[in-house]
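Report on the following structure.
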Amino acid sequence: MAILNILEFPDPRLRTLAKPVTEFDDALRQLIDDMFETMYEAPGIGLAATQVNVHKQVVVMDLSEDRSEPRVFINPSVEELTHDMGQYQEGCLSVPGFYENVDRPLRVRVKAQDRDGKPFELECEGLLAVCVQHEFDHLNGKLFVDYLSQLKRDRIKKKLEKQHRQQA
């Protein structure tokens, strides 16, 4: 297994649309394992393949404290089950150190495939619903900062660019 490099906002590669997975092979399983290792090391609770510059529809997630609930979503789609919105404070491994409130539907249904290509459905609410929507957005080139005002987005971008210059 390997720790993968996580792209950071405003890297334009984060805006790339992910392509559907068509081959469920050892290379895909290795990517999934590497993504989990990268996510746990960061540390985070979700990671989309787009964030590690692999533009395939793959998401890994684990909301547990002890890494006991790893979830894999391949070729996912999400459907709102309610128009009721909730506000959660979101952060992102691609936007390190920044947390902002984002409004999202409180309940969703996910259709996806597991690491072996087997289809499944899952109804989600609360933090799981938020995380699913956040990570699936990545597959469509969207970041949580896109839900913020232009002013907040620009401020975050400038701070991250300054950090990158200082690290260089």
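Cβ coordinates are placed from backbone N, Cα and C, and glycine is handled just like the others.
As annotated by Swiss-Prot, active site applies to E135, with the evidence given as sequence analysis. Under the heading Fe cation binding site, Swiss-Prot lists C92, H134, H138, citing sequence analysis as support.
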Packing count at H138 (Fe cation binding site) (other Cβ atoms within 10 Å of its Cβ)
26
At the level of the C-alpha atoms, what whole-angstrom distance separates the residue listed as 'active site' and C92 (Fe cation binding site)?
9
C92 (Fe cation binding site) has its Cβ surrounded, within 10 angstroms, by a count of other Cβ atoms equal to 26
Could you find out if DSSP has C92 (Fe cation binding site) as helix, strand or coil?
strand
Where does H134 (Fe cation binding site) sit in DSSP terms: helix, strand, or coil?
helix
So if I draw a 10 Å sphere around the Cβ of H134 (Fe cation binding site), how many other Cβ atoms end up inside it?
24
Give me the count of other Cβ atoms within 10 A of the Cβ belonging to the residue listed as 'active site'.
26
